[in-house]
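Student: Straight out of TrEMBL:
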| type | residues | note |
| --- | --- | --- |
| TRANSMEM | 12-32 | transmembrane segment |
| TRANSMEM | 44-66 | transmembrane segment |
| TRANSMEM | 72-92 | transmembrane segment |
| TRANSMEM | 243-263 | transmembrane segment |
| TRANSMEM | 275-296 | transmembrane segment |
| TRANSMEM | 331-351 | transmembrane segment |
| TRANSMEM | 372-390 | transmembrane segment |
| TRANSMEM | 396-429 | transmembrane segment |
| TRANSMEM | 441-459 | transmembrane segment |
Amino acid sequence: MSSGPTRRWSYARPWLTNAVLILIGSGLLLLTRQLVSEFSHFTIGFSGVSGWSAILYALAVLVILTQPVNRYTFGIILAFAIAFRLVTLLPAPYLSSDIYRYAWDGVVQHSHISPYRYVPGDPALKFLRAPNQDLFDHINRRDYAHTIYPPVAQFIFYIVTFLNPTVTFMKLAMILFEGLTLYALLEFLRELGVRREQSLLYAWCPLLVWEIGNSGHLDSAAMAFIALALLARYRRQPLLTGLFLGLAIMTKMYPLVLLPALFRRGEYRMPATVAGVVALGYACYSSVGLGVFGFLGSYVQEEGMDTGTRYFLLELTQHVPGLHNLSSKPYLAFVALVFTTLMIWCWRTCCSPVWPRVETGQTRRFGLPADADFLVPAFALALALMLLFSPHYPWYVAWLVPFLALVPDITVFAYICGLFYLCTTAIAVGTGPLQFLLNKMLYGSVLLAFVLDIVLRRWPILHPSPKPPYPRPATEDRA
């Protein structure tokens, strides 16, 4: 393995890197065990566990991005990544009960009933309660909310519960999807000419250990499909790009924003494949008509997306004198303007069919080959969606972590770790003023990280060594 960045610390050696990673990994493992302990017995609290986890994670990232490695380093990273998730696998989900709905939807389908037809508490499904009482008792919104999860998510629920209709097995399936994501990232890093140890940014991320390892969120499957779509786009495989992007959209919806960055002018097989996957997915559940969209409309209202009460930047603007009564319409127009600008950027850069590719400003900044010019715009679209719509739940930003592993960025790192930590503090349990305070702290830290990033780029402290060129063969597009 390449020694990577230039040695910056005294006596830097690969064995020292490994020793430091073992110490940090051991600390993270102890904190993961402490997380499970906190479920039943308060010791340092969730905020204490998350805060120290974020600090150790940041130290591990600093080490892996700046210090030399050897052939043993990746094994250390992988071993600890697996250990973190094994610790959280068996304990029952504590931070979220969404996974019980996943398993319930699968059980309902095995009775040849559409999961979109009835709410879990409907008398028509009463015969399913007794054999699945533990699932039913933990479902949130069971008396009024139809399932919200799209068709591909339902396929996953069906397959997993066919094998074993338990929450533990569903969590195991989501962890296996994480393995698929890691595989795609390793392949992508190899083709980018970046050492595989950078995958630590994904494998050791405490947000993923908590929200997927313990809570088993469906975002794990969406991340796997997104990572595979990015890899296929880099390899110029439009059909596979469209297939995986379509699967991602039909799992969690939000990956739709990546379409402008993954599209290439004159190549319509990719968007046609996406459309085909979406159409086929909904066709499989068309017996319920518009009911296939489930709780989506009500969820939009419940979360304040229609009135604008959930948008932090809008609420912040309303605190400006003279703008107290600003409605959501101007803000949504601003959001549309932002995404229009980003789409024009994509159209003029990464969507160009010109070959060979020409190095651009963003590829130079992040040390990417010209072929990967779509990666930064895709990252920007994903980040813009999160910042503009200000999600209240940490697992909503989990899909940014694979991008972070490919394109390390201080600002996004601060956003992910900041939301992860703040959502475990006392201010996360409230709404209104408390939620506004949480977002002020979060967005303030993101702004500081952005300024720090500019300063470090202007006056670099760490000088990474230039990456070796990784030539791409001049081949035609492949399926």
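Keep in mind that glycine also has a Cβ here, set from the backbone N, Cα and C atoms.
From a predicted model like this one, the values you see are computed outputs, not experimental measurements.
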Student: What same-chain residues lie close to the transmembrane segment (72-92): Cβ under 8 Å, and 6 or more beyond its ends?
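Tutor: The answer is 1, 14, 17-18, 21-22, 25, 28-29, 32-33, 35-36, 39, 64, 167-168, 171-172, 175, 178, 182, 196-197, 199-200, 203-204, 209-210, 212-214.
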Student: Where else in the chain does the transmembrane segment (243-263) make close Cβ contacts, counting only residues six or more beyond its ends and a cut-off under 8 Å?
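Tutor: Those are 150-153, 156, 218-219, 221-222, 225-226, 228-230, 232-233, 270-271, 273-278, 281, 339, 342-343, 346-347, 350-351, 374, 377-378, 381-382, 384-385, 399, in sequence order.
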Student: Which residues of the chain, 6 or more past the ends of the transmembrane segment (331-351), have a CB below 8 A from one of its CBs?
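Tutor: Counting only partners 6 or more residues beyond its ends, the transmembrane segment (331-351) has Cβ contacts under 8 Å with 257, 260-261, 263-265, 308, 311, 313-314, 317, 360, 362, 373-374, 377, 380-381, 384, 388-389.
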Student: For the transmembrane segment (441-459), give me same-chain residues lying six or more residues beyond its boundaries with a C-beta closer than 8 angstroms to one of its C-beta atoms, as numbers and ranges.
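Tutor: Residues 312-313, 316, 365, 387, 409-411, 413-415, 418-419, 422, 427.
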Student: Six or more residues out from either end of the transmembrane segment (396-429), which same-chain residues have a Cβ under 8 Å from its Cβ atoms?
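Tutor: Same-chain residues near the transmembrane segment (396-429) but 6 or more away: 45-47, 49-51, 54, 57-58, 61, 65, 181, 184-185, 188-189, 192, 194, 198-202, 205-208, 210-212, 217, 219-220, 222-223, 226-227, 230, 252, 254-255, 366, 368, 375-376, 378-379, 382-383, 386-387, 435, 437-438, 441-442, 445-446, 448-450, 452-453, 456.
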